[in-house]
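The S-adenosyl-L-methionine binding site annotation in Swiss-Prot covers 47, 48, 49, 66, 93, 108, 115.
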């Protein structure tokens, strides 16, 4: 079995979350689907989930999607041994349409360890770097540009809606005051310090950093993550053959609620998990970032069973 961690010359090192949990329902698919079938990894990252499934199912083919050039380079290196069974596409999943239906479509919605741990990507409040946060560093507005553009009330609403941050108005007021008085923040550490200062002293020493929710909100906004997820959940069932499997790993309640609702209400799908699967204690001990992961599965119904055919 391949190791799901990535250690490559690209510097992309990542431990895939819930890899075994994803592999089990894939293994339960009928052999006729897996024989020469296509798998679409909509968030390829370093290729850990895909490598595991390609290893276990030698007749499976892969199309891997990712907008992050660093991730694509790492995945290409990691998956090279699978040869022409693998195709990597530089795209956001919302802009993709497959030429043929797939037997498996999966998406891991989390920010990868390399994105969090490389300061220059600007995702981390623990490592000082530019206030960027773009998944695709060549496209779109940075977090610094976003907080500079928004009015205080707009920024507060964004932090509350996307970060579920109860101190959103206090934080937005502090950010806009700092920008007006001092100019742009020097980097992520300065913003994290400002956000932490909005909390009472005792609340700054908890397990969760005070800036966590604000940084989550800015990252979601910069990358339009929730709208992209909604569009993916609308499109993905049509990428599947009847009986095909849709697997989504989410990392916060805003994502999980959308996945749960889509799997429950979409008449093209049969929900396979009433409650999401979560990481085992052993996995959490080995990879603490798996603590918040939730995995849900659905099966594509035969066309005759969908509402359109009734």
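Cβ atoms here come from the backbone N, Cα and C positions, even for glycine.
Sequence features annotated in Swiss-Prot and their locations in the structure.
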| residue | record | contacts (Cβ under 8 Å, 6+ apart) |
| --- | --- | --- |
| 66 | S-adenosyl-L-methionine binding site | 43, 44, 45, 72, 75, 88, 89, 90, 91 |
| 93 | S-adenosyl-L-methionine binding site | 42, 43, 65, 107, 228, 232 |
| 108 | S-adenosyl-L-methionine binding site | 16, 17, 43, 45, 49, 249 |
Most crowded position, judged by CB atoms within 10 A, among 47, 48 as binding-site residues: 47
CB contacts for residue 49 (S-adenosyl-L-methionine binding site) [other CB atoms within 10 A, all chains]: 27
Three-state secondary structure, residue 47 (S-adenosyl-L-methionine binding site) (per DSSP): coil
Coarse DSSP state, helix versus strand versus coil, of residue 108 (S-adenosyl-L-methionine binding site): strand
Three-state secondary structure, which DSSP defines for residue 93 (S-adenosyl-L-methionine binding site): helix
Three-state secondary structure, residue 66 (S-adenosyl-L-methionine binding site) (per DSSP): strand
